[in-house]
Amino acid sequence: MLNYLRTPETRTTQIVPTIGFSMTNFTTHNFSITAFDMAGQGKYRNLWETYYINSQAVIFVVDSTDRLRMAVARDELWMILDHKDVSGRPIPILVLANKMDVKDALTSAEVSISLGLDLIRGHKWNIHSTCALNGAGVQEALEWLSNEIKTYLDSRK
């Protein structure tokens, strides 16, 4: 997903799963964003919580074609939401149901049900279907997120 947000000159043509961690800076809707792409493999998940305390939002990307791992994605999302550095602050939560271009992908409504998004309390949240390859749905999702981050930051003044 972050590859699409890079400038055209810095994008890579080979998309591979993240191993470990990578950082990307980009600008969207008048916000300068530093995003940390953290691998979803189990052995890397303990790195995630290091970044919660300074975050102003959470973007959770889920593979909407992987029905078998949806329960794992739900558990991981809720582990994030229940963490003391996230649960105590009303930061916005954006879920990206990626790979919408693939036949038989779950709809964003189906992903929402699978992840239990309607149970989220204390955070504004939204879900968007996206395609990281061509960027479909990404700008709309980031527009929502930018507005919510602004609201969150204004509320802290």
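Cβ coordinates come from backbone N, Cα and C, glycine included.
Copied from TrEMBL, the annotated features are:
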BINDING   T18  Mg(2+) binding site
BINDING   G40, N98, K99, M100, D101  GTP binding site
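All features noted in TrEMBL, drawn onto the structure.
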{"residue": "K99", "record": "GTP binding site", "Cβ contacts under 8 Å, 6 or more apart": "D63, S64, T65, A105, C131, A132"}
{"residue": "M100", "record": "GTP binding site", "Cβ contacts under 8 Å, 6 or more apart": "S64, S108, S129, T130, C131, A136, G137"}
{"residue": "D101", "record": "GTP binding site", "Cβ contacts under 8 Å, 6 or more apart": "C131, L133, N134, A136"}
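In the three-state DSSP scheme, N98 (GTP binding site) falls into the strand class. N98 (GTP binding site) counts 24 other C-beta atoms within 10 Å of its own C-beta, drawing on all protein chains shown.
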